[in-house]
Amino acid sequence: MSNLNLLFTIAIPLLFNFYISPTNSDNLQDMCPTDTSSHRTMFINGFPCKNPSNITTSDFKNLQLSHQGSTDTFLRSSVTLVTASEFPGLNTLGLSTGRTDLEVDGLVTPHTHPRSSEMIFLVKGVVIVGFIDTDSKLFQSVLREGDVFVFPKGLLHYCMNSGFEDAMFYSVFNAQNPGVVDISNAMFGDKASEMVKMAMAKLVSLTKVEDVPVDDGYKNFYDEL
């Protein structure tokens, strides 16, 4: 009986580790570009690899983020997300990327990425960004060209163009498929709702927006709003 107890004690942690580790496990080969040539008949946690003899340099280059997305929408914004589905070289690396374009007064409504944190790099413009933690505390700041901001995994976040010109930033996610849960769409059923814009405007107007970048020894702090 003691042997069975010992076996049970060892087996349970091993099985638990087996089932939770695939999403963060190390690669077993140098690379594994997504095989997009064949119809999927077996569904796994990820994508099958290409035949190594068919891997080319083009698998590791993607041009989708080099073009501005269409902002001709009610929200005056465009979000382009690139995962291993569109960028074969990302397969098994635990990474994905994206681009967000914002017209003047454009916004990205509150949403979450349940499987990933998001780090953004502002290329141009002035953008208000923010997220809310599990204690309902709001963290909100103004970003200017060259600034970097991070949204922790799974937390509700948003952004709004607060400048007088178009804005654009790139995103990097630490997951192959970060997922998107759009809160406004789930609650109101229609992104093209005046209620969404009103809620965002109220959120920004009632909250102190920090405009204090990290002092790098060469630039002065901006004054807080």
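One-based numbering along the chain as shown.
Backbone N, Cα and C define each Cβ position, glycine as well.
Here TrEMBL flags His113, Glu118 as oxalate binding site. Using a 10 Å radius centred on the Cβ of His113 (oxalate binding site) and all shown protein chains, the other Cβ atoms total 24.
Residues or ranges marked as disulfide bond by TrEMBL: Cys32-Cys49.
Under the heading domain 'Cupin type-1', TrEMBL lists 63-197.
What TrEMBL records for 1-25 is signal peptide.
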**Request:** Enter the number of other CB atoms within 10 angstroms of the CB of Glu118 (oxalate binding site).
**Result:** 22
**Fill in**
The DSSP breakdown of the domain 'Cupin type-1' (63-197) into helix, strand and coil residues is 16 helix, 57 strand, 62 coil
**Request:** Express the distance between the Cα positions of Cys32 (disulfide bond) and Glu118 (oxalate binding site) as a whole number of Å.
**Result:** 23
